[in-house]
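Annotated compositional bias 'Basic residues' per TrEMBL: 1-11, in sequence order. What TrEMBL lists as domain 'Major facilitator superfamily (MFS) profile' is 112-548. Taken from TrEMBL, the feature transmembrane segment covers 156-179, 186-206, 262-287, 303-322, 343-360, 401-422, 434-453, 498-520, 526-544. For 628-638, the entry in TrEMBL reads compositional bias 'Acidic residues'.
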Amino acid sequence: MAEPIRHHRHHDPTPGILPVPHGPETGDEHGHYPREGDGNLTTDNERAIFSYLTHPDDCYTPDGTYWADLPLRKRIAFINKSQNEEAKQELLSIGRMMKEDPLSPLSWYFRNAVLPGAGLGLEGYVLFSIGNLEPLFAATWPQCWGKNRTECSGNWIASVTYLEVIGIMVGQLAVGVIGDWIGRRWGLIQDAAIMFVGLLMITASWGLDLNGWVICYAWSLFFYGFGVGGEYPITATSSMENAVSAGKLSTREDRLHRGRKVTMAFLMQGWGQLINQALLIILMLILHHGDGDPPYGTTTVQWVFRLSFAIPAIGTLWLVYFRTYKMPHAGRQLAAAKKKSNITGYDVASLKMTCTYFGGRLLATSGTWFCNDVFFYGNKLFQAQFIAVISNNPKSVMTTWIWNLINVIVSLAGYYLASILIDNKFYGRKMMQQVGFLMCFVMFVIPAFHYHYYTQPMGIKSFQAMYFLSSFFNQFGPNSVTFLVAGEVFPTPIRASAHGFSACIGKAGALLASVLYNYIDTQTKFYVVPWFGLAGMLMTWLWLPDTTGLDLKEQERRWMYIRAGRSEEYHGIAIHPAHLSLWERLMGVGKHYDPELDLKQKIEDMREEWAGKERTRRDREVGGEATGPDDIDEDEWNDEVHSYFRRTTKEGLLKPQAGDGAGDSSRTTEQGVLSEKSGSEPGPSKAPSTGSD
């Protein structure tokens, strides 16, 4: 929600209130801004002027205390009050929208969830379709897809799954690098185009015999998988970085709803699965004389197979158009970060520094994703067992599909609950993932040691309940959280690469499961799978930081200090113990946290950024160039902040600086304020020389 807006006559800001810009100076303004040498670390006037930027009321109490620094009782009261007020404002906003147009909330949801997650929805549709069609192929062509193969190579049948997964892994790594190198927008367009061509290849796959068709089908899935894999890093990073508008990294919306924004896009994967399963059932009923029982005609199966892939191809073609012509600013945040660091191409230095400073985080995001994908694949272990017991017609493909449909609906409930609670400071990312892993562990370990009881009629209902609960907690837990945090806990320059690497390692878990399950019986599978849940929970507890409620701009600010080799001089909330992993706390990362020192640093960091933009504006005015939002990033500074910097910044800082080049919008903090203290003891950055009017 937007900050409250108050009109006022004078330039005396109320702390925490965003004043309305009100034109040029009239002579009625107060000139009591602090001067150099006042002696105070941060004056009351500075606090008042900058409070809406440095101490937003959704994170800080009126006296300037961060929510995570409050005693437990006060913290609970503060968080409840803040979240209840936000929920009330959102409900009032929905009411106003519906009053003007009853369908406007649906259009809002379409813009903010369906469109950002369209690629993942198509990915969920197609990959789920591949698994759903295998039992239909086995029933129709047992000589190829059955146990006794006479016309097809067993290796090529197995390669259908392996090549699909390997294609996804290659796409995750490659597009992650492309997204950080060439840009987010290029990655988005490229993925949609590859998926479209891949769907055409799958739809048209053929061969001189059944084995030839299987080979063509497998390689088509590999090509399509490359595009699918790229959707993971590119959708996560673009949704996260565009969680706020106008190129700003930090707003109230970002802090309070960034997780919801990303998971709402991710849950389109569940809708893709639901639509696919429903469409397959409808096609089977239409084309197979009104039922889904065997035997199945080869012509019918060919129609069902090809139509199920041709229909999403139409949606994918539209996605290519939308990303090409309707998302011109998808890579804007990355471009701004590169401009500030004077980087062109791929930022190899940032990649190396990320491995050095955030190695534990990389282990957490990739390792927990690996464990989750073993579970995600293992969930299917339940289904065949209870269907064989409770179904009157277990050999019917339709029976399996109907149970799949119910399971997807249960999973969707988990997706939506995750999106509701993922930004809740009491629950949030880390707790959600730990609880999800724990529940999946329990749901698998119980039937593992009582397998025969739960697969008999007397225990089958409990077995079935554990199946649905494992699906629910997989979505309301690690499956949603891993997708979000794999990009969120890393800096912008290598965010897509880190996400792609984590997703690739995660998909290796699916590959391990698909290979391993071919060589062990069902009960042994139940013995093996639960321990990945326990391992995932422990890795989350030890190495994953909790970024719930943490401002992304603050994380980027910390990265600038790290990038400048001055990590020990950063004192802000990004190293607050509440936002660090247990491993990082044990390594002493949070020992430099100091709110008072950080407040002074924030103001001087903003001064340096303001001075860089002011230099650029002056240079362009001299050159007769026009400036626009694409040239100089919009900021969220009001006229009080601009006036303060004009009054207290020496003219020398506004003259062209070494390293400033044509077209640079600013010098970075690491080039400016931070570089002035190179080699000095830890402490707040030295303020640039200031003067008075």
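Quick reminder: no glycine exception, Cβ is built from N, Cα and C everywhere.
TrEMBL entries are annotated by machine, without manual review.
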Does the chain bring the transmembrane segment (498-520) near the transmembrane segment (156-179), so that three or more CB pairs sit under 8 Å (pairs 6 or more apart in sequence)?
yes
Between the stretches 156-179, 401-422, 434-453, 526-544, which one has more Cβ pairs under 8 Å with the transmembrane segment (186-206) than any other?
156-179
State the residues, same chain only, that lie 6 or more residues beyond the ends of the transmembrane segment (156-179) and have a CB under 8 A from a CB inside it; answer 'none' if no residue qualifies.
127, 130, 144-145, 149, 186-187, 190-191, 194, 211, 214-215, 217-219, 221-230, 232-234, 237, 334, 346, 496-501, 503-504, 507-508, 510-511, 514-515, 518
Take the domain 'Major facilitator superfamily (MFS) profile' (112-548) and average the pLDDT across it for me.
88
